[in-house]
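Sequence annotations record features per position, and here TrEMBL assigns domain 'Mucolipin extracytosolic' to 62-247. Residues or ranges marked as domain 'Polycystin cation channel PKD1/PKD2' in TrEMBL: 348-485. What TrEMBL records for 261-288, 318-335, 347-369, 389-411, 457-478 is transmembrane segment.
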Amino acid sequence: MAHLDSEVKEECLREDLRFYFMNPCEKFRARQQIPWKMGLQILKIVMVTTQLIRFGLSNQLVVAFKEENTAAFKHLFLKGYSGSDEDDYSCSVYTQEDTYDSIFFAINQFHRLRNLSLGTLGYGESEDNRIALKVCKQHYKKGTMFPSNETLNIDSDIEIDCIHLDLEALSKDPQDWKNSSFFRLEFYRLLQIDISFQLKGIDLQTIHSRELPDCYVFQNMIIFDNKAHSGKIKIYFNSDAKIEECKDLKISGSIQKNTQYVLVFDAFVIVICLASLILCTRSIVLALRLRKRFLKFFLEKYKRHVCNADQREFINQWYILVIISDLLTISGSVLKMEIKAKNLTNYNLCSILLGTSTLFVWVGVIRYLGYFQAYNVLILTMQASLPKVLRFCACAGMIYLGYTFCGWIVLGPYHNKFENLNTVAECLFSLVNGDDMYATFAHIQQKSHLVWLFSRLYLYSFISLFIYMILSLFIAIITDSYDTIKKYQQNGFPATDLQEFLKECSSKEKCQEESPAFLSSICCLRRNRSDDHLILIN
């Protein structure tokens, strides 16, 4: 009797395991179980993608408004601005007269802003609740310098002096504030001049897309950088735009109604993701319980533990990916609703959350493609080659870092693509892909013959090593994994303890497997019996 109970218990466990590792089509044929999770994932893909597209179009308007205002500010406040930055700075001056003209030009433009600007701009209040422009200068303490005699006597401590010029002061005779002692600059001591002011604006272009407009605060700063004392003062323009809630909005039309529809749609996306999150979490909990039953039974019957590979088969990593995407989508949707209601303004964080969640949702589609043998080969190849590829990249990365540091320290002063570590890494990566090779060779400055010769040796060795050797080995690793998978498909995969247990049959039953058929509402391709062991996907 005890032996019969153990056989019944074993057969129940085997049937539960078989059902767990079936795909949605097989589960429907076996127990008429509707694949709710698959249908929900398909609906979620459509909903999340639609939500992302709508938010992306809105975010583009926000970014475009900030960038266009920054460009307008540069034309308004920088004298002689050509329309494009010279390098990482906007423009530069080379004489004392040009420096004074540029400073006074920016101040006068601020005073005349209402008569000059084409945008919806107004003055903002400073920290002390005044509409004013703040000018600060940094300079060394008193000292003397005689370059012709090669003598220098200067105190390296830095002093900072500031002056506030409000609209009332600027409305008076300009000579009154231009001739003040503050603007008598000693350029050999001068380090930096900062002109900071605040402006406000309203983005009206959102009205055309039936959205409520945003109110912006632009914290602008013009920096005259003379720290190098090289005879060239670099002029930087920085504009930090912050979105604030408009105090009083009165807009007639259907904008408010459209906003409510969008909020309802976002709420529906949250409900869909919550349902997906609950179903996937439930599946993982049930899988852990089933694994516990199998481990206990296997230890009692065979007196040994199940290998780690078989234990990992119970944890469906696709479900973990879906749960992460659901959490990101819910967080991003809540933040998007707050932005839509003008309670929050963090567009960047919302775009990161929604963009990452949409990426994971579409990556999760690969799971359903894995039910078909042709696509399953690709997935199995990626899984088999990933550990080898990561180990190979770790080794190749050490060589890559070595070339990065070497190129930065040697070629940095002579080549604009090697000025900092970030641009060096990007330049070398483009060389590995065969991009921009001639320009990289040609732009090296021939001011030092030794450095020029070293640059040729450096670039030729890097390209030869990474393209002809490392990249070829990288492709060979993936090709080897693909060949291995193809051989396994022809000759059979190595059977694990779990698979051997699933193939066993009780003494009272015969092992029969029905050939797959078409699901009434879902297109599932027919697989042969010899292919059943290839797919072990929940």
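Backbone N, Cα and C define each Cβ position, glycine as well.
Each residue in the domain 'Polycystin cation channel PKD1/PKD2' (348-485) gets a DSSP state, and the totals come to 121 helix, 0 strand, 17 coil. A Cβ distance under 8 Å defines the sequence-distant neighbours of the transmembrane segment (457-478), meaning residues of its chain 6+ beyond its ends; these are 381, 385, 388-389, 392-393, 396, 399-400, 403, 406-407, 410-411, 428, 431-432, 434, 437, 440-441. Per-residue confidence over the domain 'Polycystin cation channel PKD1/PKD2' (348-485) averages 89 (mean pLDDT, predicted model).
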